[in-house]
Ligand SMILES: Nc1ncnc2c1ncn2[C@@H]1O[C@H](COP(=O)(O)OP(=O)(O)OP(=O)(O)O)[C@@H](O)[C@H]1O
């Protein structure tokens, strides 16, 4: 084995033990190490695609250097390169700037040039670059009759880019200007209210503006399920159930792009998964773009057939993580302009420090501040913001830890912490444990395996417990959800 291969083996082995297996496969499976120069203390890591290189550099440069230091004793410099050298490397961007690739593509379009990156993408398309009608950002996206499922308020124009979403935004933009290319399917996942649906519709809107003849279907998987069930009902009634009916099949298979939200909703729905599998295959075979949104990564999708999970991971998987303080500030400023609210810097900082990372919640707080100020005939102010945040039960940003959650749950239900952490199968203990696990996932950024570490369980059991609560209907179990609200409120006061 050469020096390079040997070193790479060591690096991969160490990374594998610390990185989520799905993340590892996505980013490192196709990468290799070249040009190890022990004199100059430099190595080159080559990936298949520039975007992968960029991601590895952005997210793992430090980690890789640590592993190299640990195993060689030297501080190495790492250069990152990719096999598709004609695609420009995209440097992660900070909030109010557009990603470099996007800027480059747009700039070059404006100058009438064919950008090398976009050209490369377009060579894979049925649409040559010359046919590209709207190369510049489409500011005038208006409601279309053609694709009424697209929400026109969700565009790239009004999406604030920050650390946690820059990479995904880049990919989404590339998919919108070059559908059916190398990023197919695009699988986006992340926590509640972080802009996944916004990006999904932004892709559709931008795509529609760029390719006016496109037929784009943008739906939730719940709607897909309902339409599927409605389509097979007549056949089932006649005891003649074979396949989803032709209308349903054609509706989703005759599209140029299928954008599906909340794909996790298909978990456990075997017949719908089967229908979706065939739809997916036909679209992919015909190089039609598929974008999937989920609240968790493909490998964490429970009760979903393996053949689907594998297909979801075939293109590119990109996540959105909660915004950091600066991004929250940028989003609040942007939303203030949108909602016509004037806040001073102190109030902006207060909101950004105290509102949870869920952007939907953040929007709600701003709207309530505006409403309260208007009804009091006052200007929006810090004191109104404080009043709203206290009364709205929006838990101020605290470091809620699994320990806090377990303690508060134990106290609330009057059972012992040890029981929650035990393997007791008593019904009341199991229920409290499930709630604690559910809250750990909802209120912290921990992955299922990490939550498993806190409860001495493997991630499959944690997923199972989480779903036990997540899949409950609020209407049928109001008391559990009331309990959860009270526990959240108590946690906010810790
Ligand atoms: N980066 C962003 N810039 C501007 N607005 C954003 C951003 N991220 C989210 N939002 C806004 O926050 C709200 C919630 O976003 P969205 O519905 O897309 O979240 P989500 O991740 O799909 O949530 P859920 O998992 O609950 O469906 C929307 O009004 C959206 O416009």
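Every residue gets a Cβ built from N, Cα and C, even glycine.
Nobody curates TrEMBL annotations by hand; they come from automatic prediction.
Taken from TrEMBL, the feature region 'Domain I, interacts with DnaA modulators' covers 1-101. Taken from TrEMBL, the feature domain 'AAA+ ATPase' applies to 182-323. Annotation source TrEMBL lists ATP binding site at 193, 195, 196, 197. Under the heading region 'Domain IV, binds dsDNA', TrEMBL lists 374-494. Residues annotated as domain 'Chromosomal replication initiator DnaA C-terminal' in TrEMBL: 401-469.
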Checking the binding-site residues 193, 195 for other Cβ atoms within 10 Å of each Cβ, the smallest tally belongs to 193
List the same-chain residues at least 6 positions away in sequence whose Cβ sits under 8 Å from the Cβ of residue 197 (ATP binding site), in sequence order, or say none.
151, 154, 261, 293
Same chain, not part of 193, 195, 196, 197: whose C-beta falls within 8 angstroms of the C-beta centre of the ATP site? Give them in sequence order.
190, 192, 194, 198, 199, 293, 320, 359, 360
For residue 196 (ATP binding site), nearby residues of its own chain (Cβ under 8 Å, 6 or more apart in sequence)
188, 189, 190, 261, 293, 320
Composition by DSSP (helix, strand, coil) of residues within the domain 'Chromosomal replication initiator DnaA C-terminal' (401-469):
53 helix, 0 strand, 16 coil
Checked against DSSP, the composition of the domain 'AAA+ ATPase' (182-323) is 70 helix, 26 strand, 46 coil
Just to confirm my parser: what is the rounded mean pLDDT across the region 'Domain I, interacts with DnaA modulators' (1-101)?
72
